[in-house]
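Quick look at what TrEMBL annotates:
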- 21-39: transmembrane segment (TRANSMEM)
- R149, T458, V459, N460, D482, S510, S511, G536: L-glutamate binding site (BINDING)
- T440: active site, nucleophile (ACT_SITE)
Amino acid sequence: MVALEKRRRGIEDQYSENFRKFRRFVVLTFVLFGIGWLVSKPVRQHEFDYSIFYNVNRDPVGDPIGQPTLDPSNEHLRIGSKAMVSSDVPLCSTMGKEILQRGGNAADAGVTVALCIGSINSHSSGIGGGGYIVSSLKEKQEVISIDARETAPQKAFKEMFHKSMVLSKIGGLAVGVPGELKGLYELYTRHGSGNLSWEALIEPVVELNQKGFKCSEILDRAIKFQMGLVFPLLPSLAEDWDFVFKNNTKSKPLIDEGDIITRPALADTLSMIAQNGSSDVFYDPNGPIVKSLIETSSRFGGIITAEDFANYDVKVENALTLNFTVHNETYKVYTSGGVSSGLALLSGLNLYEKLGGSNDHVLQTHRIIECMKWMASARSNFGDFTLHTSNSTFREDLINQYTSDKWAEHIITSGAYSDNNTFPWKHYGPKYELTEPHGTSHFSIIDSDDNTMAMTTTVNLVFGSMVYDNQTGIILNNEMDDFSIPGAPNAFDLSPSVYNYIEPFKRPLSSTSPTIIMSLVNDTFRPDLVIGAAGGSRITTAVFQAIVRILCEKLPLLEALSYPRLHHQLIPQYIMVENLTVFESHHNITERMHELGHDFFSSGPLTAMNGIKRILLDHDSQWHGVSDYWRKRGQADGY
């Protein structure tokens, strides 16, 4: 304890007097705001208003501007005979398509699309954050997972947020070492076409930031919500921000939808990265980017160092794989590894395959929910295991377990599953308390040679840590908030996961699960579905049910993505549905589901999805691309 206290004091000695004032102000402000907000909230849902869960730590899926629908318009479907890009931002989908038309492949286009989204939808992603990439290259016959997740700084330690939990969300201490740019460069060098230079992929985004782009409805709402709340309460943070104000002038009001945003500082940074020919300049401990980011982070209490940037590296492995058979059709499902939740997704599909679907809406919904609950149980075992187990095969053992027929069949034959009722959360045996990672952005790409990539990228909460370096134009993440904090068990007697405690260089658990699915076409496995989602802990269940709707229920991609989504994560013990009225208008099953022990809660939209589906024709095939217009105003583009 003495050594621990010395270490804590050592870190706090690095804080300036200004930051200590900033910290006290943050804590006091949020405590007062939180108390006032909670006591003013009327009780509407039985004895407790569960909507509290969904307003605290709001996800960057955002302040929803639409609702799911069972009758989507065909105007939101894009059809291409050769290639398709599906993203949250229509302009970024088009920029990706243009890279493909210039001779680039899916990996090349992925670099441009990611940087474009990070520029326009900067509240949810950017080079100050990280992500996961799944990429298939036909020439090499390989599908890889690139782990570009942020890491804890070298000076981070387990109890660093004990004094103030809010500092894991806002300010420099919340910042993890960014990984997105290194992940994109790894993608480019491993799976790029070789037809376009690194500079050629970045220059369109440089020009975008120089000339400007219109503030979208989504970005406008994110700015008004986050800046409108934080800036009046924490004026010291507001001093560095520029592009969120009209004409980049802080004396003017916040920017409005339709206004032109320019980001010259980010344009200069991206131009430097482009001309360097790699991501090295971003991680150079003696370079101008690192120096500026560290100086800005330090002013707000950050402990990230130049050495942290120099030591950062991505992790590349074969994508996790599951053979998935439905309706006598066999698919290969490829998803992300590392500390992502790709394995949880595979566990749910594994169990669903053994249960089989049903034409009875009640039984089908019941089975989907039960799979989700077992997925949540599986996910409670995950994390960065490196420092907490002497068993070198521990992770491999988990992969083998949750993708095995034996695991799924045991659940069914042992009575752990029943068609007649659900069970209390303890029945599913979660090992640890589940973390609540936050929103993101996802995009999917396929090119004319059947190369594919899916990427989920994030800065975590809305505008990350709210630390903005106006010299580089980079918004820094608050990924440290995704770690588990040691302490007493929660209200359900579940302890925080030791596998997800903060430690130097460690990666926090992620909910991302970008996915590529291949099917047999003329005796060859070819891409069939490329999909992923944004929306924190709801990502995995969203991707799971989209796969079930499309491959098992044979719902078209357009209807599957507009469909009201369900979510269950064991605790709280109810089914979240985005819009109960819309869901019931088709199913009318909540009363019968209640008889099985299920309760529904109408949560509002909590995820956004973007996908691409192969449609087989008589002698050829075409691509259907759908972006989540209903929840995030996305739009695909192809040719």
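Here the Cβ of each residue, glycine as well, is placed from N, Cα and C on the backbone.
From a predicted model like this one, the values you see are computed outputs, not experimental measurements.
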G536 (L-glutamate binding site) - helix vs strand vs coil (DSSP): helix
Neighbouring C-beta atoms (10 Å sphere around the C-beta of R149 (L-glutamate binding site)): 30
Spatial neighbours of T440 (active site, nucleophile), counting only the binding-site residues R149, N460, D482 and Cα distances within 10 Å: N460
Sparsest Cβ surroundings (other CB atoms within 10 Å) among the binding-site residues N460, S510: S510
Cβ-Cβ neighbours of T458 (L-glutamate binding site) (radius 10 Å): 32
Number of Cβ atoms other than its own within 10 Å, given for V459 (L-glutamate binding site): 34
Binding residues R149, T458, V459, N460, D482, S510, S511, G536 (L-glutamate) - maximum C-alpha distance in whole Å: 14
